[in-house]
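Chemist: First the structure, which I've put down as structure tokens, then a few questions once you've had a look.
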Amino acid sequence: MEQVGGYAEPRCNLNEGYSRKGSALAYLGRFEEAIAAYEKGLELEPGNQQLATGLAEVRKQAESSKLETAKLFEKLKANPQTREWLKDPDYVRMVHKLALNPFDTRVLEGKMDDQRVLTTISVMLGLDMSMDVDPPASESKPTPPPKKEEPPKPKYEDVPENRRLALQEKDLGNECYKKKDFDNAIKHYQKAIEHDSSDITFYTNMAAVYFELKEYESCIKECEKAIDIGRENRADFKLIAKAFTRIGNAYKKMEQWKLAKTYFEKSMSEHRTPEIKTLLSEVERRIVEEEKKAYIDPVKAEQEKELGNEYFKKGDYSTAVKHYTEAIKRNPDEAKLYSNRAACYTKLAAFDLGLKDCQRCCDLDPKFIKGWIRKGKILQGMQQPAKALAAYQKALELDPSNAEALEGYRACSTQLNSNPEEVRKRAMADPEVQQILSDPAMRCILEQMQQDPHALQDHLRNPDIAAKIHKLLESGLIAIH
């Protein structure tokens, strides 16, 4: 400032002189003086862009400084030590100057020994500079004795005696629970209830102990008490939901899935959470599984199968499907039942359903030749000769002399050979086939198979390559003789 203070006086270099002076004043936080410097420069040279830009910037800084000043006073009001000083007008004026000109040392001249200045600066900077410092000596006021530290207030000072004792017992019970000292935890929770029987958490905490001890019936009883107490005393619905959830978990551990479902649903009605929804979905799935298991009866399955056979012979395929479906429910792992129902679907021209049953049949019993033959026939009906050929080939691997499989295989081979171009077009429309043929490694393998048919067995040992070769066989693009 000493360098630029007189710089603005000569008429030459006006814009730079006032610009530097305004900038220096702004840096020192003396925004009003900075604005005056820029405005004086603009009076002498109104169109100067540098001065106009500097003036606009300083005005923004001044406005921002006002906001910061307001925030500083909020901080000082919130601080118990500085709050009282704000009643002193001299202190308020000093804070205003300090806030507007934080870098101006003139503001602090003669005040560095004032403890209030250091405390105010610490509040401005957000620092904790609290220390055992005596206030400055005053002729009129004697130095007050140092304040004695007050002992910490008891944890449950402002509650009735019975409530205080109950909460203390609960805390002791919680400590024992964390240490897995469950016997003592129960004793403390019981004492808490003796002092105050209206708190739902005493009961749910005790239920948690019984749950850990695998005493699920006792856990359920305590939770039921908790729910009743909670309703009587209008407890938070989240606490009631927690009690219902614990009952549900107890029944879940006891594998009483339907009761667990009931209580998880009750918990959801009190307070819906993703965790409870997951638990509910889990027990619902287990209920379905248990019902399926309970329904299994191979004897009744055989009876339903015989009824299905009778209706199939009569040509009443829809009724036959109903009986085969019931038989499958009674014995879902019997492959022949799926094959029989697939035969009905074939007669009803429901080829998609029939194919699905055939696939299930072959998965359950890959050596059941009728499943493969029936699959081949359905695929023929769906005009997929290449896939049908692969199914018949599986059947012939099980019984090379099976007349039905041989007949189907020859029919599919003839169909494929009679119109190879159509087969190729249909195969190339399949994205999976396109991907296989675009693989350079697979093209090399196919060329090797043409030159050396015995190489096929080596390649089929690799599951990935075998799957791709079977896909090409199903598409009709390649054949193995």
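In case you wondered, yes, glycine gets a Cβ from its N, Cα and C as well.
Keep in mind that TrEMBL annotations are predicted by a computer and have not been checked by a curator.
According to TrEMBL, the record shows the following:
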type	residues	note
COMPBIAS	146-159	compositional bias 'Basic and acidic residues'
DOMAIN	69-108	domain 'STI1'
DOMAIN	430-469	domain 'STI1'
REGION	131-159	region 'Disordered'
REPEAT	15-48	repeat 'TPR'
REPEAT	166-199	repeat 'TPR'
REPEAT	200-233	repeat 'TPR'
REPEAT	241-274	repeat 'TPR'
REPEAT	301-334	repeat 'TPR'
REPEAT	369-402	repeat 'TPR'
Chemist: Mind pulling out the one from 15-48, 241-274, 301-334, 369-402 with the most Cβ pairs under 8 angstroms to the repeat 'TPR' (200-233)?
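Modeler: Stretch with maximum Cβ contacts: 241-274.
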Chemist: Cβ under 8 Å, sequence separation of at least 6 from the ends of the repeat 'TPR' (241-274): give me the contacting residues as numbers and ranges.
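Modeler: Sequence-distant neighbours of the repeat 'TPR' (241-274): 200, 203-204, 207-208, 211, 214, 216-217, 219-220, 223-224, 226-227, 230, 280, 283-284, 286-287, 290.
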Chemist: Looking only at the domain 'STI1' (430-469), what is the mean pLDDT?
Modeler: 84
Chemist: Write out how many residues of the repeat 'TPR' (369-402) are helix, how many strand and how many coil, based on DSSP.
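Modeler: Breakdown, helix to coil: 27 helix, 0 strand, 7 coil.
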